[in-house]
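Beneath this line is the structure, given in structure tokens, with notes to follow.
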Amino acid sequence: MGRRPCCSKEGLNRGAWSAREDKVLKDYINTHGEGKWRDLPRRAGLKRCGKSCRLRWLNYLRPDIKRGNISYDEEELIIRLHKLLGNRWSLIAGRLPGRTDNEIKNYWNTYLSKKVNSQTHQHEIDGDQVPLKKTKEEEVSEKPQVIRTKAVRCTKAYMLTTHLDDNSLITNKCPEPISTERSYSPSATFLDIPMDFDMDEFLAGFECDRNFDQVCDGENPLRLDDKMEEEWRESYECLQLNVDSDIRALSSALLDSEDDWKQNGGKDELMGGGNGGPSSVS
């Protein structure tokens, strides 16, 4: 079962409303009020459909209707409401006092839709052209930045000191034991030892020993844990043994060379005295 029709559609007037029909409809609604549109044509004596009577009253005959002359503010409101609600004209008309949904729909289709489409198209064109102009101006205004490097020669050695917390560890390790390039043997003579030997350069490698002594004596404020201290002590002992062995080798080489020199020197003196002997005898 469907919805029954409001009228039989037979013998009814169609087309434009006459002034007499408008007066009859207006007088009946002013007397009985709005509503019951299905029975209104029969009770008012009009040969019209109930829907036609309702639309005629709502869109033309109401006393509070504004007809034509839509202001700029109303146009902006219609545009914003259409973006929000779409083609729901009755809801849009409810937010515009005195305006009917039919009038707003007709005004939108004939004028406002074309205006909105033209503005949107113009914004798209402007949006495409402006970035191109900006990019060209930026390309012209941009200048290459030249970074000039400055050569710096380091003439001194700097030791960087870092402040560590109590819980931090020292990761610096002592350098490897110094190995002498020359090997000393007991057969080496005193003349084979270099005369330009620099004792300060030789002792410079033992700077780590003094630093380790300061750490162990408590002069250095840095704190070491047991494991790190044990590793340092082992490296220190190994370094000390290597240094002692090198010094002993150097000392023995010096002593052996001195003994050889004395022996060779004594023989030369004896031979020199022997040559002068006969002259004294004669």
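Heads up, residue numbers simply count up from 1 along the chain you see.
Keep in mind that glycine also has a Cβ here, set from the backbone N, Cα and C atoms.
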Of the ranges 37-61, 187-211, which one does Swiss-Prot list as DNA-binding region? 37-61
Folded-back contacts onto the DNA-binding region (37-61), same chain, C-beta under 8 angstroms, at least six residues removed: 6-7, 9, 11-13, 17, 21-22, 24-26, 28-29, 100, 102-103
As a quick check of your reading of DSSP, tell me how many residues in the DNA-binding region (89-112) are helical, how many are strand and how many are coil. 18 helix, 0 strand, 6 coil
